[in-house]
Amino acid sequence: MRKNIVAGNWKMNKTLQEGLALAKELDAALKGRTINCDVIIGTPFIHLASIAAAIDTTRIGVAAENCADKESGAYTGEVSAAMVASTGARYVIIGHSERRAYYHETSPILMEKVKLALSNGLTPIFCVGEVLEEREAGKHFEVVARQVEEALFTLDQTDFAKLILAYEPVWAIGTGKTATADQAQEMHAHIRKSIAAKYGKEVANGCSILYGGSCNAANAKELFSRADVDGGLIGGASLSVDKFLPIIEAF
């Protein structure tokens, strides 16, 4: 079901103690407020169980930032979708541009992660996006549609409907650059059109598509006002309640 969502992505930040304090501070800040979106925080693996136990998870959903593409076994250092689910987390970020770039995660790998997440009752937040060279070459629509198609279009309609998508213009992450609200809307509409062509309009119109590129308190309201922008996947600003809360309240 299509929802407004603001999801934080802490990346590789915060010790366990710092993360627990931040999650509790956010939980306290949201208590008693009227919030018009679902709030999720994506944290490093070591935080998941402690945070899920310490906050009201009906108020704030907890997400892992990744999971393994294997079910279990001799994969030293990996964390399976089943392990993530056992912590009390309900979501997992898959396919973030940093995972694609630094750890060479390809569509076949991401497809396995999505399937394992779904089979363990997790909701994937699946990321797609183009780099600057692809946008400047006019290939951005083609690239993003292909990322969606290659990793997700083997899913049946029921499973696809469980996904949250996030569009991250890679050239706008951590650079201070932001896609304009019109650029975001244009790409989100293109993604939704691609979904409709495969699964039909009902599934496409029921899919939440978040914007994930340097979204902050100053631009969130304008971005979220666009018809196909259903919220944000927030990086740096999610590390501070003072910066994250105004984005949540932009709806």
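Easy rule for this one: first residue shown is 1, then count along the chain.
Note: Cβ is positioned from N, Cα and C throughout, glycine not excepted.
If you check Swiss-Prot, you get these features:
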| type | residues | note |
| --- | --- | --- |
| BINDING | Asn9, Trp10, Lys11, Gly174, Ser214, Gly235, Gly236 | substrate binding site |
| ACT_SITE | His96 | active site, electrophile |
| ACT_SITE | Glu168 | active site, proton acceptor |
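Note: the CA-CA distance between Glu168 (active site, proton acceptor) and the residue listed as 'active site, electrophile' rounds to 8 Å.
It is 12 Å from the Cα atom of Trp10 (substrate binding site) to that of His96 (active site, electrophile). Geometry remark: Ser214 (substrate binding site) versus His96 (active site, electrophile), CA distance 14 Å. For Glu168 (active site, proton acceptor), the Cβ neighbour count at a 10 Å cut-off comes to 26, with all displayed protein chains included.
Here His96 (active site, electrophile) is positioned 10 angstrom away from Lys11 (substrate binding site), judged by their C-alpha atoms.
DSSP assigns Asn9 (substrate binding site) to a strand segment in the three-state reduction.
By a simple count of nearby Cβ atoms, those within 10 Å, the most crowded of the recorded positions Lys11, His96 is His96. Taking the Cα atom of each, Gly236 (substrate binding site) and the residue listed as 'active site, electrophile' are about 15 angstrom apart. By a simple count of nearby Cβ atoms, those within 10 Å, the most crowded of the binding-site residues Asn9, Ser214 is Asn9. For the pair His96 (active site, electrophile) and Asn9 (substrate binding site), the Cα-Cα distance reads 10 Å. In the structure shown, across all protein chains, Gly235 is the one of the binding-site residues Gly235, Gly236 with the greatest number of other Cβ atoms within 10 Å.
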